[in-house]
Amino acid sequence: MAKLAGTGESDDRARARGGVDHEDVVETDLAAGLDDRVGRGHPTDHDAALPSSSESVSGTDVATLRYRPTRWNRDHRVGLIGITGATLLCLIVGALGPSVVTIKLSPRDGFLPPWYLPKGIVHPNEWLVSVMIWVAIGIGGIGLWVCLRALADGWRPRVRRLITLGIGLVTATILVPPLTSADVLMYAAYGRLQVIGRSPYETTPMEIFSSQYDPVMHWAERPWTNTPSVYGPITSWTQWLANVLGGTNMHDIVFWLQVLSALPFVLACLGIIFIARNADPERLARAALLTICNPLLIWAVVAGAHNEAMSAVFAVAGLIFIRKSPFLAGLGVGLAGCAKLSIGLWGIAMLWAYRRQPKQLLKICAGAAIPMILAYGFWEPNALFQVLRNGGYIGTGTWVAPLYSLSVQLFGHTAGKIVVGVLSYLLLPLVIFALSKVLPWQAAPGTPTGVDPKTDPMTVALRTAIVLGAAWVCTAMYSLSWYDLMIWLPLGLVAGGKLDRLLILRGVALSAAYVPGRAIEFGASLGFVAARFRDIVSPAAQILVLIAIFIWWKYPDREPLWRFWRDREDRSNADAQLTPVPAADEDHQQRVAAS
């Protein structure tokens, strides 16, 4: 057990004094309950047993304590170094300038970020920058895991410091060019199409720059240059706005796209922390760690300038109102769907929360229908068709990738896609069922005292969003690491059990699979290693996550999920404890009976 040192006074005196720092406390009864488990070195999954947020944290219940870890894998300093170091490595790679990892932009006209060394000063080695990013992803995932273990072990950080750290890491990330993914160049191209009077849902960038020179679309990279936009109307509007602000300079347009990715990301994370504002210190710190300080999200969403957060910020805004105004909750998730349709899983979760209250359910539907009808019915009628096309892709690095390769060899491309598609849709409800049985029921922050979490709309909506989102990203034919944003956000508010660790494994493997993640030329040796990450390491990790979910469902009380030999040891120890030891002076018959 990590040492918890106070200010030199006993626990009883601290309780009597009643002086409590809300941001630096630990519940003494919880610490005592964990003593045996942590002292034996077992991982702690006590989130499900946490008190509801409605229970007050008073001076008679807690003592002001300082966390002193005794093991590295529960040392918050190690975790924070990993989280910060991950972003620092990304900044170094980005500052070196264009490479196989850092995207190439047009020449700078002014002083706006992203900043990097002038051309010709250095020529980043492809192996150096790739390994640095692989290391960054790895230490980021380890850092998050260590911080979560430290939190379970008694660490109670000052949440304002975590928020400041997270905002600082996000801000620093957009000061250098986007990394590994050239999607942001396509966002700029779609915005450019709107500026010149074309629809990104009907016209592709290749149709323009293949016949004439365009100062923006000229910089777009394969393989999506011949693909219409698959994003919602609100996202398309932000792409148009970035073009208006950046003019005809791709460098400046990308900066504004980075801002329009980072700003909603920060706001969505702060929204989650706002919901948890009255929760106990551990849960408040968890909300910050899994959102604003999450290195996997900073890497996947912000470093790549992806637009996932644009939908998330509206969904979180709707979630804030789910208890008091179902109509506003529906309006928020409807606006989120106008940015990216996949966030509609949150809408389903909200409907499920009010499934026994028809009037409230209709209010959610009405609120969601207004922006959806206006956006997809009147503003961009072609958008819905293009958005729905996104479900037919098969992604490298997913669990279906090796199965698809095998199916193609056996049945051909068309039949192979049908086979893996059927498997994907069959597996989805099974994973939903498994997660729904094992995901802990923990009251969401703000749940009134005495209310069953299973009847609280926010608790039900959060838990359902996690179950649906995790099942979808884990079974989908096309899945990327930034899709996990829709799961990490609600996980910051309720217990995840073993899902926290499984998502870290999934995120690290899938992120590493797309380094380098661009359709450009690089060395054969790097190409070979990167391909093994995509077609072996990441698919194996995704399959492992699926297997782990079903093992978790089968053995929900098993602490070490994979250590099956522990079961035999525990049974042997239990049998030994139950076997009576006959006294040495007993006669033969009594000794046999005792045995």
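Glycine residues also receive a Cβ, built from the backbone N, Cα and C atoms like all the rest.
Quick caveat, the model's predicted, so the values are computed rather than measured.
Pulled from TrEMBL:
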type     : residues : note
COMPBIAS : 10-25    : compositional bias 'Basic and acidic residues'
COMPBIAS : 34-48    : compositional bias 'Basic and acidic residues'
COMPBIAS : 585-595  : compositional bias 'Basic and acidic residues'
REGION   : 1-57     : region 'Disordered'
REGION   : 572-595  : region 'Disordered'
TRANSMEM : 78-107   : transmembrane segment
TRANSMEM : 127-151  : transmembrane segment
TRANSMEM : 163-190  : transmembrane segment
TRANSMEM : 253-275  : transmembrane segment
TRANSMEM : 328-354  : transmembrane segment
TRANSMEM : 361-379  : transmembrane segment
TRANSMEM : 391-411  : transmembrane segment
TRANSMEM : 418-440  : transmembrane segment
TRANSMEM : 460-483  : transmembrane segment
TRANSMEM : 503-530  : transmembrane segment
TRANSMEM : 536-553  : transmembrane segment
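Sequence-distant residue pairs (6 or more apart) of the transmembrane segment (328-354) and the transmembrane segment (253-275) include fewer than 3 whose Cβ atoms are under 8 Å, leaving the two stretches without contact. Taking residue pairs at least 6 apart in sequence, the transmembrane segment (127-151) and the transmembrane segment (460-483) share fewer than three C-beta contacts under 8 angstroms. Between the transmembrane segment (536-553) and the transmembrane segment (391-411), the number of CB pairs under 8 angstroms, six or more residues apart, is three or more, so the stretches are in contact.
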